[in-house]
Structures are given as C-alpha cells and as structure tokens.
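What TrEMBL records for this protein:
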{"type": "SIGNAL", "residues": "1-25", "note": "signal peptide"}
{"type": "TRANSMEM", "residues": "600-625", "note": "transmembrane segment"}
{"type": "DOMAIN", "residues": "600-864", "note": "domain 'G-protein coupled receptors family 3 profile'"}
{"type": "TRANSMEM", "residues": "637-658", "note": "transmembrane segment"}
{"type": "TRANSMEM", "residues": "670-694", "note": "transmembrane segment"}
{"type": "TRANSMEM", "residues": "706-732", "note": "transmembrane segment"}
{"type": "TRANSMEM", "residues": "759-782", "note": "transmembrane segment"}
{"type": "TRANSMEM", "residues": "794-814", "note": "transmembrane segment"}
{"type": "TRANSMEM", "residues": "826-849", "note": "transmembrane segment"}
Amino acid sequence: MEVLFPDRFKVLFVVLMFQIFPCAAEMASPSSGCQLRSLSRMNYFSDGDLIVGGILQMHGLFVNLPYHKELRHMECFFFSFRHYRHLLVLIYTIEEINKDPELLPNVTLGYQIYDSCASGMKSFASAFGILSGTEPPIPNYSCWNNRKVVGFIGDVSSESSLAIAWLSGIYRYPQISYSSEDPIFNKKVEFPSVYRMIPNELSEVDAIMSMFKYFGWNWVGLIVSDDDYGYRASKSLEKVMRKESVCLDFLIRLRFTEKRSTVHLRETAKIKDTIYRSTAKVIMLFISLKFADHTKFFLDPDKIPKKIWIASSSLPHIAEMRYLPVFVALNGTLAFSSQQGEIPGFKQFFYSLNPFKYQRDILFTNMWQLLFHCTFPKIKKKSSIKCTGNESFDDIDLASYETFDFRISYRVYTAVYAMAHALHELYGTMTSHPKSAESLQVYFKQWQLNSLMQRLKFRTSSGDEIHVDNNGDQPARYDILKYYFLKIGNVKRIKVGSFDASKSDGNQLFFKNITSLWEPYFSEFVHSHCNEPCIPGYRKAKTEGKPSCCYTCVPCDHGEMSNITDAQTCMKCSKYEKSNSGRNSCIPRNSNYLSYKDQLGATLSFISIILSFTCAVILGIFRKYRETPIVRANNQYLSCLLLISLMLCFLSSLLFIGRPTQICCLLQQVIFGIVFTISLSSLLAKTLTVIIAFNATKPGSKMKKYVGTQLSIILIIVCSLGETVISAVWLASNPPFAEADTLSDPDYIFLFCNEGSGIFLFCIIGYMGTLALLSFIAAFLAKDFPDRFNEAKNITFSMLVFCSVWVTFVPAYLSSKGSRMVAVEIFAILSSSAGLLGCIFIPKCYIIFLRPELNTKDLVVRKS
C-alpha cells in the first residue's frame, strides 16, 4: 500500500475500510444473503451471468466539507445531459450484445452502474462496492454468489479513472476508460490492467505540432489551465516546440481564483493585455473542464484582435457555456476531437424513450425536464410549464446538446464491445470445459482478460477496426473540427481535416479545403511568425536576446544563394557558377581568356599578322635585291634566316590567343622559345661574323679560316639545340596544361595555360636573355668598325630593346592574371620581335628605296 497509493488515497482507503456508509439503499441486492447499498445518488443494475461494472459521471460534485469528513456531505449536483447520454449508450450496448447470437452465445451480460460525480472518492467507493456487493464493503469478499464481476467501464475524468485504477489494479480487473487522456496510465507497471478507447493527450500535442509544421507557424501563444492537464500540455508542447523550432510568444496559466476578487480582476486584465499585445496570429487553448468557465473573463472580442485559435478536445466544455462574447472571440476555432464513429440503432433507441417507461429513474426525469424546459406535476413550480410525457424529440434542437455527436459516446460503445470480445475470446479458449454460462462463471479469472486485451482486435458493426497498442491506448486518430458559433448561441461544427498517427510521416495530416479554412475573420492564409520570413536570397541570423524564432534576414554572400523561404544557411554555388543579383539561384560564371572576339585579342592578332606580313615583305625585298651591296655586305643567308624566325615569332603569339587547349599549352612556350632562340642565335652569328671578318683583314691573322657561313650555321644549331633540350626536359618532366582559375575573381573563371613549372619557363627566358646579352656585348665591341660593317650598331640597339622588354616583362607578368597575363606575354613577344625587325632591317630598306645612291660598291669602297 505504501508503494501504490498516494496520501489522499491511503486515507480514503482507510475510511472506506472502517467507516460504515450511512447512505440508504435504493435497490435490492443480487443475492438474498447480502444487501448492496448505494454510495451515489443513483445507481443502475441489470442482472446477468457476468456483471460489467460501470462508473460514469452524470453529475458534477459539490463539497460542503473537507474530503476526509463523512461521504454523506459530498453532494452530486450540476446534472449534464451530455454525460447522461454515456449511461444510455452503455445500457443500449449491453442490450445489443445480449441479443447477438454470435457474440457470447448462451451468456448474458449484466451491469452495475454508479454515478461518479467526477469524484475520485465516490469512484473508489463505487468500485469497492461493485467488487464486494455488500454493505458495508468487505475486502476480498464477494456477495455475488454465482455471478462474476468481469471488469470496469469508466470514467470521463482522470481523477475518477485513477481512483478506479488503484483498486482494480490490485485484483487485476481490466478497466476500460472511454475519455480519460492522462498519460499516467501508460505506466504499465503501476497500471497493468488499464486500457483506453481514446488516445492519450500527448498524442494530441503531436497532432497540433504537425499542424504547425504543415502551415509553417513558428510563433504562437499558449493558454493552459493551472492544473495537471495544463501543466502536462505546456511541458510536452514546449519540449516538442524546441525540437521543431517553434517558439512561444507568451504562456498564460489560468489560476482558479474568486471571480470578484481584486487579484482575479488584475489577473484578467493582465491576460487581456498580453493577448492584445501579442504579435502571434495563432493561439493554443489547453484548459480542463473546471476552467472552461474562466474564458468568459478574458475572451473579450472588443479587447482582443482576431486570431486563429487552436483548441484541444476541451473546447466542447466552453461551447456549453453559451456565452456570446466568448463565441465571437473563438469563432472559427480549429479543434482536435477523437475520431467520430457510428452507433447503429442508438438514435431509434433514444427516440423510443419516454418518461412513463422510466418513472422511477430520477436522472431520466431530470433529462426530460432539461430538454423540454418543463416540470412534472409532482414538482411544485408555479411559473414552469408542466410536462405531459408526450413531448417529442423532433420538437427540440438536440444538436445544440451534442446529442448525436457520438465522439465520446462512441468510445463508451467500443469500450463495452472490447470487454465483450475479450470475454468471447476467453469463452472460445475453454476447450476442456463445457461452453456455458455456468462454466464461464466457474472458471473465469479476471487476470486472464488482461492478456487477451493486449492483443485484442475486432471490427464494430459500422466497420471500424478497434485495437489497443502496447500502452493500452487506441492509435491516435483525430478529426479536425472547425467551430462556428452562431449569434443565436448555437454551435456548428464542420469536419475540415483529420490526423492519423498510424500513417507515414507526411501523410498523417489531411485537410479537405484549405482555402475556406480561415473563415470567418480571415480571407486568406494566416502567417504566424515573430518577424517577416526571409525571402529567397537571404538567410536567417539570430537576434541576441530574443527567442530562436526571432531573427534578422541577412543577404547571402557573393557566390552563395538560397532558393527557399527562411533558409537557415546559404548554399555555395559550384566553382563553375556564381550567384545571380538576387542571390536566389546560381548561374554559370563567365569564362575569361584572351579571345579573338575581344578588342584586345583582335588588336594583338592584327598586329601579329601585320608584323609577320612585314617580315615576309622584307624577305621578298632582300630576295629581290640580294645582289646589291647592302644585302650582300650583311650576310644575306643569316638575314633571311633571321627574317623567317622573326616572322615565326610574330605568328607564335597567335597560339596564346583563343580558348586554351592542351595542345596549345604544350606548343606555346616551346615554339616561342625555339624560334626566338633561332632569331637571337642568328644575331649572335651575324655579330661574330662581323668581328671575325674585321679581324681576318689584319696581316697575319688566323681568323681567315673562320670566314664563311659554316661557323654561323654551327653556332645557330648549337644555340638552338640548347633551347630544344631545355624544352624537351620541360615537356617530359612537368609539361604545361590547361587550367581554370576559379578563385581569383568571384564573377569569372580565368582559363589559362599553367606552365607546369615556372622554373623551366624562366630557364627558357634566361637562356634567351643570355644569348641576347652575348649579342649585345659582341655588337657593342664591333660598333666602331668601318661604316660598311656598321650593322653592329643596329644589333646593339635591337638588343637594348630586347633586354628592356624582357626585363620589364617579368614583374608585369607576375602581377597580372587571366587574359591580361597572356596579353603581357604577347606584347613582350611582339615588341621585342618588332624591335629586332625595326632596328636591323628598316634602315636597310630605307637605303634600298629612299637612298639608293648609298647602295653602290664604289661608295662602299670609297668610304672604307
């Protein structure tokens, strides 16, 4: 007892064990030797082979003394027709089962039903009385003789259901609750024999969160009652909301205070102000039954802006108040309700009821007077209309009383059938004993039903499949109802969607028509965010000191994009793409290379072709005037070779223009280096020829044997061979290759030829520089020779131009990128080649065409 019972139930148990209940008996006992006494204002009994205990709430509770005083001072008041309907459904269902020849054949179900009055104490006492059948109850003793109590059906409230569960769990009697959603019953160690025909309330939290995810609401308000129900709801919601990135704008706990107290007024004003100032467009309402009346103090339609209200299954309690201002504020509320089912034949059963048939039933009399607003003659009220008993249910609006909204009543119906099917299955397992009511009574053990209940599965007559999960609950299936509160006080409920937790993620929530979901106060979809959503092209950035749902929108950086609303991060574009101006998509990056279509590329191409054509023209001129002294005096063969190599130098620059390819990259530097080496070695050979020829004219000189073209050819071959070897090693070890530079500029992809090894590139340039320096030195030494050998001066100037160009090329090349880097190298090639062409051959052409008088042998001899 110390382990299972909380303090108040330990006290209650002691009271029930040792106190004689002073209530008067209202009916005969099931056996002659015992007398069953009622602990409630009303109880119902029907004899049978097996007895189903029913503890149902039909009244509220009025307590005029503390709970530990005598039970006679706990009075049941506030009769509810909605709850009385549960009693009628239970009685109707048992009668229907007894008429079914296939379910529990030869066995009659009876019932013993008590009114719990929403009291845990009365529920506990009623359960004790049902098990004992005596007055006062005797522990571990049954006065039912040949009859067997098989289990309990009940109750609406968690407090009442819990009281029954403490007692039924000791003896392992199955208890089937039809309305209590308290998740405490999922603790199967403490409550091994409790089953429910309704999902627990935590499933309702999951359903509401799925709605928030579905509509993208992440900024909501929450109003809960200050009791266990509200505490559990708020804790569960806050836990799931943190996981799903949904934030609370406010949390209001309704406290139970005196209606007219100063504290209550201040609290109400504070609640109104909180709701009024809230920026959340969606508010959740989780309140228990006893707090339903409190809503009329703060739901003032004139003081509260229009909101989307999401209510739990407690909303019908508020609707029963019929308080018009609350109706106006909550008009259009979306509420989750247990899935509706059909009770075949119950409507006809209900319409067949009349007060003449149930004259001794005080509750039925109360129901009749409540529905028809009349009183029976034995009740003395001067101003009231007298009931005749011939009134018709067709004359009243039963829908306003939720008479045929069988959501809870249907759970009573399925609870009784679940008990009956478990008994039927137990009846079917009796193979070694005769199948009869007497054998089932003799061999029945209540704990056997628990193992059968855990795997129970059946279909109702309307086709609904009923089974319980491992926690003893029904799978979470809800109808989503939209409440319209009409001005006349009536309530209209329309099913707009459903939730089924047994389906796969993404298919659990379903809405029929979203466009009409926001009526009557909103014409279109309602957003509920702490701030405006970040449009594509922006990402969310946390705002210090505010909830995670409050953020600022930061534009994506260059090269990043977001194409969804409220993006957490921006996605990087691929290295071949860039973000567009709106930063909401990636577009291909422009390729940057020196193209023939570019103005700079076209200009350099044109200059290259013109200069190479100039070389060809000069070569033709030298070929035509090869017999003239000016051509013959400067070694016409070397001059022609130099012109050809210069022409190739000009044309080699075209390899650097256009989209880089692997072939072009391999040929660019190699061809440029070799043809430039031929040009420089030709100049060096010309200079050395001049020096040798001059020294050979001196008496006794040994240089005469070197005069001729053989030495020049050998020198050119040797020098060119050196450059060729360097190029071959370069191509063999680390050749150039086409590369795309995606890092230097976010908008462009620079396509260029990677040298593979910068060392080899500068080796080639260094090698050519060495040849140029040798040519410069040799030409400088020969610059003062007689005029007919004054080509050395031209070579000296050309080498100055060449060295100046390539010395400035190195820093310019290293500081450039993309097409500019290629243009620098082309410019260096063209300018240095043009310097050689201009300094060496233009003066000769000048003499040939403009000063032909200087191009004579006599003048040359005379000047010498």
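From the backbone N, Cα and C atoms, a Cβ is placed for every residue, glycine too.
Caution: TrEMBL annotation is automatic and unverified by curators.
Under 8 Å from some Cβ of the transmembrane segment (826-849) lie the Cβ atoms of residues 594, 604, 607-608, 611, 614-615, 618, 621-622, 625, 628, 630-631, 634, 639, 642-643, 646, 649-650, 652-653, 656-657, 672, 676, 679, 683, 791, 794-795, 797-798, 801-802, 805-806, 809, 813, 855, all in the same chain and six or more residues away from its ends.
Here the transmembrane segment (600-625) has long-range neighbours at 594, 631, 636, 639-640, 643-644, 646-648, 650-651, 653-654, 657-658, 819, 823, 826-827, 830, 833-834, 837, 841, 844-845, 848, 855, meaning same-chain residues at least 6 beyond its ends whose C-beta is under 8 angstroms from one of its own.
Among the listed stretches 637-658, 670-694, 794-814, the one sharing the most Cβ pairs under 8 Å with the transmembrane segment (759-782) is 670-694.
Across the domain 'G-protein coupled receptors family 3 profile' (600-864), mean pLDDT in this model comes to 81. When Cβ distances are compared across the two stretches, the transmembrane segment (794-814) makes no contact with the transmembrane segment (637-658), since fewer than 3 pairs at least 6 residues apart fall below 8 angstroms.
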